[in-house]
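**Student:** I have a structure I would like to understand better, so I am pasting it below and will then ask my questions one at a time.
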Amino acid sequence: MPTWSVPRRPCRAFGLLMLVILSFLVLRRLDWRGLVSPWIRHRQSGLHTKGQNFMLEDSTFWILGGSVHYFRVPKAYWRDRLLKMKACGLNTLTTYVPWNLHEPRRGAFDFSGNLDLEAFVLMAAEIGLWVILRPGPYICSEIDLGGLPSWLLQDSGMRLRTTYKGFTEAVDLYFDHLMSRVVPLQYKYGGPIIAVQVENEYGSYNKDPAYMPYIKKALEDRGIVELLLTSDNKDGLSKGFVPGVLATINLQSQEELHLLTTFLLSIQGVQPKMVMEYWTGWFDSWGGPHNILDSSEVLKTVSAIIDAGSSINLYMFHGGTNFGFINGAVHFHEYKSHVTSYDYDAVLTEAGDYTAKYIKLRELFGSISGGPLLPPPDLLPKTAYESVRPVLYLSLWDALQYMEEPTNSEKPINMENLPINNGNGQSFGYTLYETTIDSSGVLSGLVRDRGQVFVNTVSIGFLDYKRKKIVIPLIQGYTILRILVENCGRVNYGDNINDQRKGLIGNIYLNNSPLKNFRIYSLDMKKSFLQRFGANMWSPVPETPTFPAFFLGALSIALSPLDTFMKLEGWEKGVVFINGQNLGRYWNIGPQETLYLPGAWLDPGINQVIVFEEKMAGPMIQFTETPHLGRNRYLN
């Protein structure tokens, strides 16, 4: 095929040359500073340190911060929570960035809807708040695997939070994408981000001395130009320090305040002091108490921190909710998974209501603000809807026929390594393992985290961290053995984050002989999972349901939807979905007794309610205006 080209004309080339020369002469005479936005022109040095003070440009700056995580708050309520922060007298928002939610599959990024980080940061700027960003890659935050994506664990040699090649290659690709969004939001480019944190509490992990310098360089190489910080508790301060990065401390008790002066001074000389996390409360775990920190104690400690000349960030100002399956866990002496509510006994409640802490702290911050504070916004109204009686039902065993084809494998495969989800495995939810047995005996194996064992469709008990063996009763002929395994939450803090694979780990044994030939179903319970259940698949709820099962009901709302709390009295353990949104887990062992249901997720008219219950269903689904977390914290 001939190639056509247009010959360049000498007069055109000469004209272009003259245009370039003329442009150069004109531009030399222009005052370029006049072409730059005054907003950016006056932003030269940003947040920096000068002796014991923070400086924002040429003015002394005192960071009065509060933490709100956009991924734990419905997007429709972001403005309400941030306005309440501003009205409390705070000037800076801090937030983590969860890698596992933003990159659920390798190379597939999600910054939409409730994960719209840029919209959250820009909203803070609009309201008049500066932002300290904490992008990880590890964030702890009581979130599954500390915010690291589970697909990293497909590599059997993975060493998280180190310079192991498999980890750094994944971090580099993630940071390439994330920082392209973050860089334009920095202070020096006209945005509200005045500082960026390097990783999170690495001193208490400290597996690789090259790791923190690598993360620092990874941020700087991708255009981060604002002040860099580290954040460590008292056990990690000495090992988490990075030259050229300002060290800050995390604490709760007044007894630890001496570290602000003595230890920080010893490692970095005279620098501004900051408590990056003053813990206003604490998280709850299933089966444990609801943690409460008295408001008077909070006021005393915050006052003492400020009197010590330190900046402060309230962790949490507003905790929100571990919607879906995002909650993490701890595993020191025993495994404990975190509850769905991330109320945290924070300054605002899970639903964004005021507390005694808010009232007292607003008075304190108002006294040092130098001007009147904004009036606190009105509370969002709550209601108790009429109870819902589930009328339709689908047992898990009947539902299997509508699911994707199971994975067939000679041996069990852990959740993360299942050949599904475009090669990314399964991150959250349940996994069902089926095989055939022809004898009774003792079943044993490593189950993570909680496995309900069935002979055909009859439940015979559980395998978990404490119960590692179970007796299979006498049977005749060939029988289906089923093990429904739940990922209750990967550990988010501690030395054992590399060992957080879920499902059946290795072989499962019957009378010390490994079982083989498994069918493995992924029950991730995403929206697409529930959409498989068409109207013709459901049956009326029988008098004696077969569990586990899905129960379907309808919540009718006549007027504008309002916030409420769902109470599942008489139900034992499971998950609730409203209009396809996963509200999270419930479990009758407490301390959490209700699930927060944002009105923003409800529609006028009929709302679909689906409950997946593992073992025992109550007759009704009830609603209340107030949460039940083991104690009424509004009086705290």
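A Cβ is built for glycine as well, from the same backbone N, Cα and C atoms used for every other residue.
Caution: TrEMBL annotation is automatic and unverified by curators.
Feature table excerpt (TrEMBL):
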- 53-366: domain 'Glycoside hydrolase 35 catalytic' (DOMAIN)
- GLU201: active site, proton donor (ACT_SITE)
- GLU277: active site, nucleophile (ACT_SITE)
- 425-524: domain 'Beta-galactosidase 1-like first all-beta' (DOMAIN)
- 548-607: domain 'Beta-galactosidase galactose-binding' (DOMAIN)
**Student:** For GLU201 (active site, proton donor), which residues in the same chain are close in space, meaning a Cβ under 8 Å from its Cβ, but six or more apart along the sequence?
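**Tutor:** Looking at Cβ-Cβ distances below 8 Å from GLU201 (active site, proton donor), excluding near sequence neighbours, one finds CYS140, SER231, ASP232, ASN233, GLY236, GLY240, ASN250, TYR493.
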**Student:** Limited to the domain 'Beta-galactosidase galactose-binding' (548-607), I'd like the whole-number average of pLDDT.
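**Tutor:** Mean pLDDT, the domain 'Beta-galactosidase galactose-binding' (548-607): 97.
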**Student:** Enumerate same-chain residues with a sequence separation of six or more from the residue listed as 'active site, nucleophile' and a Cβ-Cβ distance below 8 A; give 'none' if the list is empty.
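**Tutor:** In sequence order, SER67, SER231, ASN250, LEU251, ASN313, TYR315 meet the Cβ cut-off.
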**Student:** Per DSSP, what is the helix/strand/coil residue tally across the domain 'Beta-galactosidase 1-like first all-beta' (425-524)?
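**Tutor:** So the domain 'Beta-galactosidase 1-like first all-beta' (425-524) is made up of 3 helix, 57 strand, 40 coil.
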